[in-house]
Amino acid sequence: MLALRVLLKGKILIGGRVREREVLAEDGWIVKIGKRLNEEADLTLELGKRELAVPAPIDLHVHCRDPHPDYPFGFKTETRRFLLGGVATVVDMPNTRPAPTTPETYYEKEELARENAEIEVIVAGGVRDSQCTKELVEAGAYVLGEVFLATSTDAPAVPWSTLPEIFRELSPDGPLTIFHPELDELVAERPARNLYEHLKNRPPEAETTAVGLLAGLKVRYPSRIHLSHVTLPESVKIAKGADITVDVTPHHLFFDVLRVDPEDPVFKVNPPLRGRHHRLGLLRAVRRGDVDVLASDHAPHILEDEFEDVPSGVTGGEIILPAALTLHRRFGLSLRDAVAMITCRPAKLLGRDDLGEVAVGKRARITVVRMREFVVRAEEFGEEDRKFPYDGMRMFGEPVKLIDGTKVYDLKESRREGKPVILEGE
């Protein structure tokens, strides 16, 4: 049953500050906010003492693998997992088969997402060359990329020599274009038997050189480009100097090659986990406010035994909200900035002024979290047999409810049942 009028009462993060308020949503939009509204509703949620309502997260970088003939995953399976973690909006990357590199394949993928996704999926158009970039811009794609500058899983590299022509099709008021900043010429294609060998194959200079070259192109061709999953504080510094936005992943902030078993294939990912000093430098950049967004780079793979045989990529879109709140609780990031990294900042980059805040006139997408530590369990998200590095990890801020328009989900019950459980209105 749809709850056309939802009334939320309790502690709510509004404008970056925690306030005792009531929020009324009607037909999927926030229509009133006040200390006491005296309004009737189809469903009223009164928050508990340790519960806090925040804008529902936006994950700027996921791979749902749909369409793709070789994966048993897709929009249905992956967006259900995101929903179980309280996420309401994701941007899906284009390394699929077929890739959305023409208006036709782009529209087909959008339709596939509309038919199967449990939450909103923003489809990113695939960049192959300047012609397809031009066609996708004309077709209305407002996100392009991830543009791979080095070969990765299911993603051939876009030759560096073609980038100036691609940049000519971009503009300061054009689509957000997301880049994977590793340079193919500096990446080795040798087999790797452990994380150390994988790291050696994809060294830091492959990233910093790519970032520097992209910064030069940005100066020459003004555009809205964004660097995803950067792993080095030097990369952040170069990007900031060129007014380029960046995101980092939870796995690059929480793990390094010294904190995990180097032969564990779960942690094989591109770009690779770095050393401890790189990870701590990246955390310092986050605390300084130099990193714009926290994004998961959710990339599902079935877990295999042999390190060499395992594709690169990990899942984690389900825990993007607890990851942000853990940065607040344990690493000194303010609550305002921690939540902004997964809400209003990605919304601004996407040009979506209907998302990212609890405010009148915004979409009613709000997640309720219990502000306490909890243990992440892979089985609660259907991640038992996949590359999920967060199993057993203690995090802060357990998602317990999700308001997504006219639907209100009980997330704890949903995780228990393994499917969305909608709260009934009166």
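Cβ coordinates are placed from backbone N, Cα and C, and glycine is handled just like the others.
Residues GLU146, HIS180 are given by Swiss-Prot as Zn(2+) 2 binders; from HIS198, HIS229, that same site also lists HIS229.
Binding site for substrate per Swiss-Prot: HIS63, CYS64, ARG65, HIS301, plus ASN95 from the candidate set ASN95, ASN270. Record note: Swiss-Prot gives HIS61, HIS63, GLU146 as Zn(2+) 1-binding, and the candidate from ASP297, ASP305, ASP309 in that site is ASP297. Each residue contributes its Cα atom, and for GLU146 (Zn(2+) 1 binding site) and ASN95 (substrate binding site) these two points are 8 Å apart. Of all the recorded positions listed here (HIS180, HIS229, ASP297), ASP297 has the Cα closest to the Cα of ARG65 (substrate binding site). Comparing Cα positions, HIS63 (Zn(2+) 1 binding site) lies closest to HIS301 out of the binding-site residues HIS180, HIS229, HIS301. Taking Cα separation as the measure, CYS64 (substrate binding site) is nearest to ASP297 of the recorded positions HIS180, HIS229, ASP297.
Cβ neighbour counts within 10 Å, taken over all protein chains shown, single out ASP297 as the most crowded of the recorded positions GLU146, ASP297. A gap of 16 Å separates the Cα atoms of HIS301 (substrate binding site) and HIS61 (Zn(2+) 1 binding site).
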